[in-house]
C-alpha cells in the first residue's frame, strides 16, 4: 500500500515506495540478465578452458618443459600485460599521446583497462584527478543535454511562428498587454513554454546515437579490420562508458592511410557518442520514473482497503461525503484523473490537480493547507507587524497614499488585499 502523507499502519510514502519498487525491479533485472548471459556464454567458456588445457599439455610435452616452470613464466607475462606489454607491437602507453588517451578514458568514465597506473604516486594522483575530472565531465554532459533541449525548443517555436506568419498572424512572445521583454530576458522568455516532450527528446537522441554509431562502425571496420557487428558492439561499450577493454581503438603504432585523420575522427566519434548516449540515459531514467509513478497510481486503487481505523486515509475513505462539500468533477475510484502532460523540463508529470501538488479548483482544503499555500502572504503580514511593533508607525503603503480611491489601509492579509486593489485602481 502506498500513502503519500504517511500512515500509522505501516504504509510507506510515495518516494519510499518508488525507491523500493525500483530496487526490486533492478534486482529482478540483474537476475534475468545473469540467467541469459550464463546460458549464452558459459558453454563458450567451458570450451575455451578445455581447448587451453589441451594446448598447454601438448606444448609441455613437445618442448619437454616443466609444468610448474611454464605456469610461473605465464604469470610473469600477465604482470607485464598489466603494465602495457603485449606480444603484438602496439603504440607506447605512457608517451604524451598515450597519456592523453588514458586521461580521456578516465574523465569520461570509460576506463577501457588496457592502460593503468602501476606506480604508487600515479595511483594516488589518479584518485584526485579522477574526482575533479569525472565531476566536470558529468556537468558537461548535463549542459550538453540542456543545449539540446534549448535547440529543440527554438526549432519548435520557429516552426510555430512561421506557421502563424503564413496565416497572417504576427507571433507574440509574451502575454498580451505587457511590454516586450528586455535584451537580457528576451531569449529566455521567448522560449518559455516551448520545452519539448520527453519522448520527442528521446527519439531525437536515439536517432543521433544510431547515426553516430553506424558511421563510427564503418570507420572502425575499414581501419581496425573488425567486423561491422563487432564495431557496433565496441561503439555501444565505449559510448555508454562501460569500457570492457576487450576491444580498444587506435592502439596500433601505424595505420594504413592518414593516421592523424583516423585518430581525430576516433576522438570526435567517441566524444559525440558519449554525449548522446549519456543524455539518452538521462531521458530514459525520466521515462522509467514516470512508469514507476504510473504503477504506484495503479496500486493506489487498492491502497486504502486494508487501512486501519486510525489511518486518516482509511477514515476519509469510509466517511460518507458531506452534503455541502464541493467535490471535484470527473472522479473515478475516488481519485480525479485530469489530463496530464509530460515535459522534459518538469522531469515528470505536470501535476496540477492533486497528489502532492496544487489543489484542484473547487476542492475544499484545510486551514493548514491554506496557510501552507499562502506562505508568501503570511511572510508579508509578519513583516508589516514587525515594522509596526518596532517603529510604532507602519510603513506607508499604496493604500495609504491613495485613500481617495476608496481603499482604506489595513494590517495583515486585509492590508495586502487593499494594497493590491489600490494598485489596480491606480493602473486603471
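Just so it is clear, glycine is given a Cβ too, placed from its N, Cα and C backbone atoms.
On a predicted model such as this, the values are computed, not experimentally measured, just so you know.
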If you look at how TrEMBL annotates this chain, which of 126-156, 157-187 comes out as transmembrane segment? 126-156
Of 60-82, 198-220, the range TrEMBL tags as transmembrane segment is 198-220
Students should find that the transmembrane segment stretch in TrEMBL, chosen from 266-288, 289-311, is 266-288
Calculate the per-residue pLDDT averaged over the domain 'Potassium channel' (91-148) and state the result as an integer. 90
Among 19-40, 198-220, 266-288, which stretch has the most Cβ pairs under 8 Å to the transmembrane segment (226-245)? 198-220
Same-chain Cβ contacts of the transmembrane segment (266-288) under 8 Å, 6 or more residues past its ends? 22, 104, 108, 110, 141-142, 144-145, 148, 198-199, 201-202, 205-206, 208-209, 212-213, 215-216, 219, 235-236, 238-241, 249-250, 344, 347-348
